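Asks: The structure that follows is given in the form of structure tokens.
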Amino acid sequence: MFKFALTLTLCLAGSLSLAQHNPHWWGNRNTIVHLFEWKWSDIAQECESFLGPRGFAGVQVSPVNENILSAGRPWWERYQPISYKLTTRSGNEEEFGDMVRRCNDVGVRIYVDVLLNHMSGDFDGVAVGTAGTEAEPSKKSFPGVPYTAQDFHPTCEITDWNDRFQVQQCELVGLKDLDQSSDWVRSKLIEFLDHLIELGVAGFRVDAAKHMASEDLEYIYSSLSNLNIDHGFPHNSRPFIFQEVIDHGHETVSRDEYKDLGAVTEFRFSEEIGNAFRGNNALKWLQSWGTDWGFLPSGQALTFVDNHDNQRDAGAVLNYKSPRQYKMATAFHLAYPYGISRVMSSFAFDDHDTPPPQDAQERIISPEFDADGACVNGWICEHRWRQIYAMVGFKNAVRDTEITGWWDNGDNQISFCRGNKGFLAINNNLYDLSQDLNTCLPAGTYCDVISGSLIDGSCTGKSVTVNENGYGYIHIGSDDFDGVLALHVDAKV
């Protein structure tokens, strides 16, 4: 009997873990966008007016729980919890719930960035949160939850990143480190996440997951409620989990400890795609992109060109400040069938701590748009760049097809097909790409969705005529505005 019960328990745990890799997308949609620091009311409007019509699958939103008020209102104050009340600079609980409902109604899922590892760092005296809650972080006193000192690990600093104990039980940059093995802490975290599930979210991005023991996270995840069927989720659906685990390949705490609990952020993807499109690695090598590069299996990898953290760091990672290379890298990211794709939507920054666009009272301001739909008032909105939202449509059109017809020039010009539904070509050389290439598409004329749009049967950008053998003449000049060309069956003239 014991053996049967143990087997049943293991099977249930395995099935729950597998279910936590499912992002619950509508139809053929398969791209998440991180609307970093947006207000809930603006996200709701964006779902209805842009993301839904453009085929985006979901939105990662900034942390929803009450956070400390920091001088100047830097973005990172959102990562310093005071309580689990749903009041932040982005809005209150009513506005959050309205946003989730409206986005779900148009097929755009919501994934919340959640902070399970810690509470706020030290603050002189009494700290006040965005909902008016008082706390004394230096005493580990957070009455808004409530947490007291006994709910935290003993104070210590991470000085050796190769020491598992320090990484998982000491304070990350001074943030008060919760003890996730505590029954009380577990109950409060589960209560917080279950409340968000009741409001209709589809899942969670778990911040600083590597700083928590995987067995503690497994307990918390497995204790969560199923997703709310009133928001269109099938019965017994589990929340999608993707976990921030920075693993460059030599870490004491490995991504492999978390990959079976849910997806894991694949930081090596971000670094290597940046290296390639910055010219430090020839694009021809991308033919084997994926696990051959040491990446996680596709269904366990949350992939991105940049995120809100590493876009602010020096190094290989690309961001909006290198737009031509960034758009090429994003096109490759969304065209190549590897990983669970997320694109970044940023605000402009001059230094690491730059706050989101705000008014004189330090309230976040809504994005404004020009005649082309691009943002103009401090918001970058990469997701509204035609070259990026068009590739979201490309990715939808070619879903469930494989790479075929790979071509390269032995250097930095490449092309490939996605079955007989899509074709991508990239030129990252300092000379033109001018070549008859196999597009694998049915005969006809296709609109290049990078340089233009198909409107009322006419293409506003380049077009390519494909012959009966699937070949078309592809030209990408070295001085063209964009170094990429994309065709697919839903953009046939």
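Cβ atoms are placed via backbone N, Cα and C, with glycine included.
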Asks: From the disulfide entries in Swiss-Prot, identify which of Cys103, Cys170 pairs with Cys156.
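Replies: Among Cys103, Cys170, the cysteine that Swiss-Prot links to Cys156 by a disulfide bond is Cys170.
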Asks: According to Swiss-Prot, Gln168, Asp177, His211 bind Ca(2+); which of Asn104, Asn117, Asn275 is also listed for that site?
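Replies: When Swiss-Prot describes the Ca(2+) site, the candidate it includes is Asn117.
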Asks: Which of Arg186, Arg238, Arg278, Arg342 shares the chloride site with Arg205, Asn307 per Swiss-Prot?
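Replies: It is Arg342, as the record lists it for that site.
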Asks: Give the sequence-ordered set of same-chain residues, not counting Arg205, Asn307, Arg342, with Cβ within 8 Å of the centre of the Cβ atoms defining the chloride site.
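Replies: The answer, listed by sequence position, is Ile32, His34, Gln60, Asp113, Phe242, Glu244, Thr265, Leu302, Phe304, His308, Met344.
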Asks: Comparing the disulfide-bonded residues Cys417, Cys440, which residue's C-beta has the most other C-beta atoms within 10 angstroms in this structure?
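Replies: Per the Cβ count within 10 Å, the most buried is Cys417.
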Asks: Please name which of the recorded positions listed here, Cys103, Cys156, Asp309, Arg342, Cys375, is nearest in space to His211 (Ca(2+) binding site), Cα against Cα.
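Replies: The answer is Cys156.
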Asks: When the number of other CB atoms within 10 A of each residue's CB is tallied over all shown chains, which of the binding-site residues Asn117, Asn307 has the maximum?
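Replies: Most Cβ neighbours within 10 Å: Asn117.
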Asks: Can you tell me the CA-to-CA distance separating Arg342 (chloride binding site) and Cys459 (disulfide bond), as a whole number of Å?
Replies: 28
Asks: For Gln168 (Ca(2+) binding site) and Cys459 (disulfide bond), what Cα-Cα distance in Å is obtained after rounding to a whole number?
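Replies: One finds 54 Å between the Cα atoms of these residues.
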